[in-house]
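In TrEMBL this protein carries:
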- 31-53: transmembrane segment (TRANSMEM)
- 96-118: transmembrane segment (TRANSMEM)
- 130-149: transmembrane segment (TRANSMEM)
- 155-179: transmembrane segment (TRANSMEM)
- 200-228: transmembrane segment (TRANSMEM)
Amino acid sequence: MKKLIPNTITCLNLFTGCVAIFAAFQDSLAFAAYLVYLAAIFDFLDGMIARLLHAYSEIGKQLDSLADMVSFGVLPGVIMFKLMQKAIRSSESASLLTMELFPFFAFLIIIFSALRLAKFNIDSRQTTSFIGVPTPANTLLISSLPLILDNDLFNLHYFILNPVTLSVLTLIMSYLMVAEIPLFALKFKNFTWKDNSIRFIFLIIALPLLFLLKFAAIPVIIVLYILLSLIKPSYS
């Protein structure tokens, strides 16, 4: 019976992702982006509660992966699709055919998210760390873009709603999700500096950045996460 608790939370993640996809297609990108963070909270809680209750199950594992595919695979692809639509339609030099076809480039994110999750499910190396950027990290980065635009932070409107910017970001993040790059996980077995120095350094830098830059800090924090992992590839 207790296995129903984490599975219910996983279903809340899935439901939130579905609502966010609907919102994104209705051009409510900022609302969809906020729902990403709610889905991420549910995604964190289901695993934590499963560990606390010792309520692991095979169906829970499969359900979690399927929910993640919706909330952290399909959803970021849809958000990027809508951003690309906005970007290409504001471009005076774009042809009608380009306007229609270009946004579908965003669906690379969905394809590579599926590859990333499939790889994670069968890769025994990823129990305490990651190989490649996790799909939630990719989704947090992409979902930060509508929030930066909605809050008009640092006059980044023209930079973000640029077809080249969005295309390059799509290619880079798609590659990084499946790249053989070791990345640390924010999982603390204990709180000693020796075992968690990379995690503490990350949090010490990331939290002030989030306070100072608000949503604009999220892309910076994701880059910081990748760089710290590359600088110190050996961690617990």
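Just so it is clear, glycine is given a Cβ too, placed from its N, Cα and C backbone atoms.
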Tertiary contacts of the transmembrane segment (96-118) (same chain, 6+ residues out, Cβ under 8 Å): 65, 68-69, 72-74, 76-78, 80-85, 88-89, 132-135, 138, 142, 163, 166-167, 170-171, 173-175, 177-178
Positions whose Cβ lies under 8 angstroms from the transmembrane segment (200-228), at least six residues beyond its ends: 133, 137, 140-141, 144, 147-148, 151, 153-154, 156, 176, 181, 183-184, 186, 193
